[in-house]
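See structure below.
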Amino acid sequence: HKTLLGVLLLVAGVMASRLLRGAGALAAQALRARGPNAPAAVRSMASRGGIPTDEEQATGLEREIMRAARKGLDPYNVLPPKAASGTKEDPNLVPSITDKRIDNSAVIWFWLHKGETQRCPNCGTHYKLVPHQLAH
């Protein structure tokens, strides 16, 4: 077993050495092709230099969510809901794309219907269904 392990380690070392040599040769070739006075192909993503902020390096869906959050929007329902006091006068708002939705409080499920404030039969918290538009 020791001999086999030694051979495997030797082969792995040779392969790693060849890989690094090849990568170094490619980098040197790229530098020669640019010429000595060419500008560096590296730029800082940070507007003030240094480490970029989350907003500066975010892309795609993450960037969309950050921009919407700055405007107070939550198009993909990723932010925690705003909690109300849960009373009949100040119910928790539950977004829905239909006229009713099942919701729960603890492990108690109950239906919410458009236009009505529903009280949780378990804890007494009040909920009201509100319209919600899908982002897509």
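Quick reminder: no glycine exception, Cβ is built from N, Cα and C everywhere.
The feature signal peptide is assigned by TrEMBL to 1-16. Per TrEMBL, the feature region 'Disordered' maps to 76-96. Annotation comment: TrEMBL describes K82, K100, K128 as N6-acetyllysine. If you look up TrEMBL, you'll see C120, C123 marked as Zn(2+) binding site.
TrEMBL feature annotations superimposed on the structure.
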{"residue": "K82", "record": "N6-acetyllysine", "DSSP (3 states)": "coil"}
{"residue": "K100", "record": "N6-acetyllysine", "DSSP (3 states)": "strand"}
{"residue": "C120", "record": "Zn(2+) binding site", "DSSP (3 states)": "coil"}
{"residue": "K128", "record": "N6-acetyllysine", "DSSP (3 states)": "strand"}
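Counted over every protein chain shown, other Cβ atoms within 10 Å are most numerous around K128 among the modified residues K82, K100, K128. Taking the binding-site residues C120, C123 in turn and counting surrounding C-beta atoms within 10 angstroms, the largest count is reached at C120. Among the recorded positions listed (K82, C120, C123, K128), K128 has its Cα nearest to the Cα of K100 (N6-acetyllysine).
Of the recorded residues, K82 (N6-acetyllysine) and K128 (N6-acetyllysine) place their C-alpha atoms 13 Å from one another.
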